[in-house]
Amino acid sequence: MTTTLAADPWPAPTASGPLDAVVEVPGSKSLTNRHLLLAALADSPTELIRPLHSRDSALMIAALRELGAVIDAADPGDLLVTPRPLRGGGHIDAGLAGTVMRFVPPVAALADGEVRIDGDERARERPMGPVVDALRTLGADIKAATMSDGAAALPLIVHGTGRLAGGRVNVDASASSQFVSALLLAAPRFEQGIDVRHVGSALPSLPHIAMTAAVLRDRGVFVEELTGDGEPADGAPSRWRVRPGPVSGGRIVVEPDLSNAGPFLAAALAAGGRVRVPRWPATTTQAGAQLRQLLARMGAAVDLSGDTLTVTGPADGAIHGIDADLHEAGELTPTIAALCALAHSPSRLRGIAHLRGHETDRLAAITTELTRLGGQARETEDGLEIHPAALHGGTVDSYADHRMATFGAVLGLRVPGVAVRDVGTTAKTLPDFPGMWSAMLAQRRGAR
Ligand SMILES: O=C(O)C1=C[C@@H](OP(=O)(O)O)[C@@H](O)[C@H](O)C1
Ligand SMILES: C=C(OP(=O)(O)O)C(=O)O
């Protein structure tokens with residue numbers, strides 16, 4: 001992996017003509033970290049092909065090693081995970097990774113000994129209470145810091161005894177679907193498995209929970225997705241049961257990260273021309289698959305031929321505003337919001353109140369940064385309203401949020417003089433974003 005040394009602030013390049021680019025997107029963060037974790041719980045080794053290598057996956061690897069798993073580099077970029085009995089005694093750094101801070105504590109509860117889990121300063125402000133409370137109900141002994149409202153927060157000390165009873169538990173996952181995923185992923189190793197019910201207002205990011213159920217089934221685990229009454233769910237489930245049992249190893253090929261494809265595909269609308277992403281899966285549980293419909297509604301031509309997704313920007317450059325409920329795919333918000341700010345008609349993004357607990361308060365960050373550039377944006381109770389406005393240059397703060405940095409990059413394609421503070425924060429989920437971005441811009445129509 002080569003990494004481009006980027007200036008800080010990083011001058012976001014303005015597109016000098018329509019693009020004609022092929023962009024190879026690295027592995028999915030959500031799939032990589034789920035597969036790594038299940039590999040550490042499995043009864044035989046797992047070979048992970050084309051996993052993501054980024055800060056979030058490095059933190060997951062370090063956490064699982066701290067708990068005893070052996071993780072070796074295999075072919076260039078691949079990984080071999082050999083499970084070992086889970087041991088305590090370690091310190092785990094979750095960084096700012098939701099998938100580490102929420103998914104690892106249930107595994108730590110199965111370790112034999114004490115495990116301390118902490119993260120970046122902002123990680124201590126991200127919601128953790130429901131997953132800690134649920135683990136305590138299931139039999140775990142956890143000491144946690146508390147937020148001003150009394151909710152549990154990082155740092156945690158998990159006193160594992162090598163076993164966890166499991167069983168029935170209610171969890172309010174309205175602040176993050178990751179609370180449910182965290183409990184389900186470790187549940188095959190709980191003595192009674194788990195029967196978890198979401199209680200509370202709207203549950204965000206259901207595709208991510210469907211992804212959790214799918215990766216568990218891939219490993220031979222029995223998972224049921226149910227209505228609150230325990231019937232099989234046709235539409236949105238609110239209750240999940242996982243039976244205790246072995247987790248199998250094997251060979252897993254990781255899909256590219258479709259949400260991280262977002263800024264590159266959005267570039268076709270912002271700069272004009274087309275961007276192609278190979279290895280786009282025909283079927284997937286990734287929320288990023290929704291980019292196809294969202295970008296088409298904003299004026300792009302979107303075509304999946306074979307396994308290549310091609311997004312072509314509107315010939316007249318006119319991006320349409322959009323009224324969209326993004327509660328299933330909240331992580332796409334900064335990319336879509338950047339396009340909304342370049343659109344000729346107003347936009348409303350709804351169902352995303354939970355973004356206030358992401359890497360930063362994304363609703364506040366997007367509003368502040370668009371306003372700084374002359375845009376017109378306003379927070380609503382559950383989202384954003386963005387109106388057309390003539391934007392000017394300025395320095396976009398990334399707030400240690402990878403998706404705020406790529407938001408600035410998309411705006412910079414059309415708005416001269418945009419710079420992004422701490423573009424290096426993109427390393428949370430993308431190795432070398434600045435290098436990938438320049439390589440995309442170098443591939444212009446007529447240039448090849
Ligand atoms: O389980 C996962 O891998 C994720 C779930 C979602 O979290 P929230 O439900 O907290 O939005 C998503 O936004 C995040 O990027 C990744
Ligand atoms: C919300 C996100 O990350 P995390 O997994 O840290 O919650 C994200 O990547 O947009």
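Cβ from N, Cα, C; glycine included.
Per TrEMBL, active site, proton acceptor is recorded for GLU331. Other C-beta atoms found within 10 angstroms of the C-beta of GLU331 (active site, proton acceptor) number 27, with every protein chain shown included.
According to TrEMBL, the feature 3-phosphoshikimate binding site maps to LYS29, SER30, ARG34, SER176, SER177, GLN178, SER205, GLU331, HIS358.
Secondary structure at LYS428 (phosphoenolpyruvate binding site), as computed by DSSP, is helix. Under the heading phosphoenolpyruvate binding site, TrEMBL lists LYS29, GLY98, ARG126, GLN178, ARG362, ARG403, LYS428.
Residues or ranges marked as domain 'Enolpyruvate transferase' by TrEMBL: 15-435.
Comment: phosphoenolpyruvate site residues LYS29, GLY98, ARG126, GLN178, ARG362, ARG403, LYS428; largest CA to CA distance 19 Å, whole number. Within the set of binding-site residues GLY98, ARG126, ARG362, GLY98 have a CB atom less than 6 Å from some atom of ligand 2. For ligand 1, the neighbouring recorded positions among GLN178, GLU331, LYS428 are GLN178, GLU331, by Cβ distance under 6 Å. Within 10 Å of the Cα of ARG126 (phosphoenolpyruvate binding site), the following recorded positions from the list ARG34, SER177, GLU331, HIS358 place their own Cα: HIS358. Close to GLU331 (active site, proton acceptor), meaning Cα to Cα within 10 A, are the following binding-site residues out of SER177, SER205, HIS358, ARG403: SER205, HIS358, ARG403.
In sequence order, the binding-site residues near HIS358 (3-phosphoshikimate binding site) (Cα within 10 Å of its Cα) are GLY98, drawn from GLY98, GLN178, LYS428.
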